[in-house]
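Enquirer: If you look up TrEMBL, you'll see 1-21 marked as region 'Disordered'. Under the heading compositional bias 'Low complexity', TrEMBL lists 12-21. Among the features that TrEMBL reports, domain 'Epoxide hydrolase N-terminal' is placed at 24-135. The active site, nucleophile annotation in TrEMBL covers D202. Look at TrEMBL and you will find Y324 tagged as active site, proton donor. Per TrEMBL, active site, proton acceptor is recorded for H380.
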Amino acid sequence: MTTETTIPSPNPFHTFPHTPTIPISPFKVDIPQTDIDDLKRRINDAPKPRQTFENSTTDEDLGVTREWLTHAVDEWKRFDWRETEAEFNSFPQFTAALQHKSHDFTIHFLALFSKNPKAVPIVFSHGWPGSVIEFLPLLHHLSATYTPETLPVHVVVPSLVGYGFSSPPPLDADFATKDNADLFDALMRGLGFEQYIAQGGDVGSLVSRWLGTKPGCKAVHLNMISGAAQTPDQVDKSSLDEFDRECVERWDYFIKWEFAYKHEHATKSATIGFVLESSPIALLSWIGEKFLVWSDTDPALSTILANVSLYWLRNTISTGLYHYRSSAGKRTTPELTSPDLGDTPVGYSLFKKEIAPIPGKIAGQSVKLAWYRRHERGGHFAALEQPEVFWEDVWDFTQQVWA
């Protein structure tokens with residue numbers, strides 16, 4: 001029997017469709033003013049970056065330019081974090097208390113709950129260097145398009161462990177991506193969803209693939225495929241059309257020239273964590289570069305600053321690197337990067353400017369590809385860059401696999 005549970009919220013999508021079986025608390029973002037003031041002081045006191053040959057180029061081939069960074073820092077000085085907070089708080093937010101392997105966790109999540117008895121539960125998992133901010137445009141779109149009575153899905157957008165307002169990973173255990181999936185599965189079941197769909201990109205794609213191994217996960221939709229059965233060099237490009245050939249070329253380029261960050265995160269996460277948490281300008285450079293290079297068109301600077309501010313104000317840059325140990329570290333195995341989904345149907349949206357735009361022909365070698373669509377526009381942050389197109393894909397796939 002479905003029992004609605006209401007936790008007060010100004011947003012009409014706040015009514016739980018089932019009585020949760022796990023402790024749930026309403027949540028509001030409210031960063032202490034002293035923390036915001038400290039960030040502003042550090043930004044204002046930071047010296048201008050020294051000009052070099054490398055940072056004076058115009059194509060960002062060697063990283064962010066001095067011109068971009070100087071402008072971004074100037075804008076950051078005027079950036080109003082409280083506006084980002086207001087956007088967060090315009091949507092229903094909660095925290096769930098969960099336990100996993102004798103450790104206690106708090107999982108923060110945004111949600112849009114439907115009153116439609118046929119609504120399909122979907123859990124959306126973000127990646128690095130993103131956050132739940134990636135999905136705010138989607139939440140805006142759904143809120144404007146549907147009412148609580150007509151929304152065809154229950155939307156759950158949790159912050160990964162170690163990100164945003166969720167707990168950090170434990171200090172005495174080698175927490176991995178699979179563990180994060182275990183917690184998200186417990187979250188969905190604790191919300192009363194016996195079956196659900198998992199959606200993700202970047203790190204979230206691997207979280208979603210692990211969710212796909214759970215009995216309650218009925219299907220998986222991805223906008224990035226991890227653990228491909230072939231490398232770009234092994235692909236027979238003569239069998240591909242122009243779109244797919246260009247995708248393989250981009251995939252090959254990124255592996256060779258844009259994945260240094262991945263190896264650093266996987267092999268020296270302690271060191272890079274110290275570096276990035278020591279200076280907001282260092283953090284802006286590291287994360288800002290990824291948003292610029294990984295997107296089809298540059299995101300609004302305010303979006304980049306909001307995301308970097310969230311990492312800084314919550315001190316989560318070093319606590320969010322653990323995924324890379326299991327996906328690209330010394331102990332990485334094919335089982336860790338490409339969990340066997342068996343017959344779980346997978347939908348795949350290929351956005352051409354993804355950092356690893358693996359054609360469906362290749363993706364289908366490692367998963368049961370039940371639905372596939374290609375897009376000329378859009379990059380790594382699909383929900384952020386193309387929220388309406390992204391939603392159309394997710395919903396089309398959902399209708400196909402959810403009976």
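Here the Cβ of each residue, glycine as well, is placed from N, Cα and C on the backbone.
Could you place these features in context, so I can see how deep they sit and what lies close by?
Expert: Each residue in the domain 'Epoxide hydrolase N-terminal' (24-135) has a pLDDT score, and their mean in this model is 97.
A sphere of 10 angstroms centred on the C-beta of D202 (active site, nucleophile) encloses 27 other C-beta atoms.
Cβ neighbour count for Y324 (active site, proton donor): 22 (other Cβ atoms within 10 Å of its Cβ, all protein chains included).
Neighbours of H380 (active site, proton acceptor), defined as other CB atoms within 10 A of its CB across all chains, total 26.
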Enquirer: If you measure H380 (active site, proton acceptor) to D202 (active site, nucleophile) at Cα, how many Å is it?
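Expert: Distance between the two Cα atoms comes out at 8 Å.
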Enquirer: In the compositional bias 'Low complexity' (12-21), how many residues does DSSP put in helix, strand and coil?
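Expert: Looking at the compositional bias 'Low complexity' (12-21) with DSSP, the answer is 0 helix, 2 strand, 8 coil.
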Enquirer: Can you check what DSSP calls Y324 (active site, proton donor), collapsed to helix, strand or coil?
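Expert: Where Y324 (active site, proton donor) sits, the three-state DSSP reduction gives helix.
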